[in-house]
């Protein structure tokens with residue numbers, strides 16, 4: 001097997017660049033460049049000398065002997081000065097060693113998986129942790145890296161295997177006196193309880209998608225109610241055209257924000273009204289579709305001249321807000337909140353209300369939830385097999401046990417305990433090269 005190397009510390013130039021190595025030739029390479037093998041897991045400061053005798057850099061080197069390393073192989077890290085020329089010269093030197101090459105994307109993590117240092121849930125959590133941009137995404141990723149999810153899935157799989165063992169005992173030893181009669185009848189209640197736990201876990205995972213993918217907030221209302229002004233004030237810059245002419249927003253305008261630690265996808269839509277303009281009609285249809293898919297609809301009214309708006313059916317929470325408070329400074333209880341997007345009057349209260357909504361939605365997510373669609377899909381497949389074993393009482397007992405075996409395999413594929421070779425390239429290609 002090759003020894004692999006890569007920059008693991010990010011973009012250059014930087015104050016420090018970390019070069020990671022892993023593989024069977026690490027000891028030889030470290031001894032050659034450092035002139036010695038540093039004490040395991042201790043930082044060693046010294047000059048790095050190329051094999052032609054030229055000076056490479058003064059650096060910190062740390063050696064991690066197998067199996068006590070990230071990959072489970074011999075590993076080393078070189079902490080160099082982060083100049084591009086310094087790093088490129090060092091990488092060139094590493095490439096001159098026989099059997100040493102630059103790592104592919106995610107190859108360090110893949111080796112960690114192959115050596116049993118990570119399971120697939122932890123590997124996916126690690127990828128999500130690296131990509132996390134918000135506190136909610138970080139929290140969701142940590143659920144995966146902690147190992148608690150893996151423990152849960154393996155516990156559920158063990159329970160299914162135990163149930164199958166009881167059933168097969170009845171099938172194989174039904175004539176033996178020391179095997180209780182119809183022992184399998186006594187364990188189907190446990191299977192039902194497990195199925196209930198899986199269904200709730202799936203529901204939690206679907207709710208948790210907002211932490212990873214973000215909340216969809218749609219600004220809707222009649223033309224000239226101030227929707228684009230709200231969009232611009234939330235963005236802190238001009239991103240939507242604001243004019244006195246009605247119907248200027250004809251396509252949905254989307255923007256990404258972070259509110260209350262959650263990623264938000266904010267959409268400004270065409271004004272709802274009857275029109276003969278074909279292009280504007282198309283824009284209104286697009287607006288209706290965004291409303292149907294939203295988590296929150298901010299239905300904006302001009303409080304000086306409010307116009308009725310009929311929204312399409314949606315499961316979203318709907319706020320009826322009054323805009324243009326600067327022109328009509330009276331408190332009207334028919335609005336969820338009143339403000340002026342133009343002047344900013346009371347707009348800070350509107351933002352606090354939005355942040356509170358985000359916090360509330362984030363708090364609905366449990367502490368242990370599946371973070372990936374792959375995990376959710378396999379959980380759903382497992383539930384389907386368990387339901388088949390529970391619902392079809394007329395099936396031969398051996399066939400019901402087979403459904404439980406298939407459910408157990410689906411749970412095993414989540415963690416990688418069951419062969420998932422065909423998925424590894426897809427999963428680890430999401431990592432950066434140095435991970």
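Note that Cβ sites are derived from N, Cα and C of the backbone, with glycine treated the same way.
Computed from a predicted structure; not experimentally measured.
Feature annotations, courtesy of Swiss-Prot:
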type	residues	note
BINDING	20, 77, 117, 435	(6S)-5-formyl-5,6,7,8-tetrahydrofolate binding site
DOMAIN	214-359	domain 'TrmE-type G'
BINDING	224-229, 243-249, 268-271	GTP binding site
BINDING	228, 249	Mg(2+) binding site
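According to DSSP, residue 20 ((6S)-5-formyl-5,6,7,8-tetrahydrofolate binding site) is assigned to a strand segment.
Sorting the binding-site residues 224, 228 by the number of other Cβ atoms within 10 Å puts 228 first. Per-residue pLDDT, averaged over the domain 'TrmE-type G' (214-359), rounds to 84. Under DSSP, residues within the domain 'TrmE-type G' (214-359) fall into helix, strand and coil as 41 helix, 37 strand, 68 coil. Secondary structure at residue 77 ((6S)-5-formyl-5,6,7,8-tetrahydrofolate binding site), taken from DSSP and collapsed to helix, strand or coil, is strand. Across the binding-site residues listed here (20, 117, 227), the residue whose Cβ sits among the most other Cβ atoms within 10 Å is 227.
Cα-Cα distance from residue 270 (GTP binding site) to residue 77 ((6S)-5-formyl-5,6,7,8-tetrahydrofolate binding site): 55 Å (rounded to the nearest whole number). In this structure, the C-alpha atom of residue 117 ((6S)-5-formyl-5,6,7,8-tetrahydrofolate binding site) lies 51 angstrom from that of residue 227 (GTP binding site). Residue 77 ((6S)-5-formyl-5,6,7,8-tetrahydrofolate binding site) has a Cβ environment of 20 other Cβ atoms inside 10 Å. A 10 Å cutoff on Cβ-Cβ distances gives residue 270 (GTP binding site) a total of 27 other Cβ atoms nearby, all chains included. Residue 227 (GTP binding site) sits 51 Å from residue 20 ((6S)-5-formyl-5,6,7,8-tetrahydrofolate binding site), taking the C-alpha atoms as the reference points. Residue 77 ((6S)-5-formyl-5,6,7,8-tetrahydrofolate binding site) sits 60 Å from residue 224 (GTP binding site), taking the Cα positions as reference.
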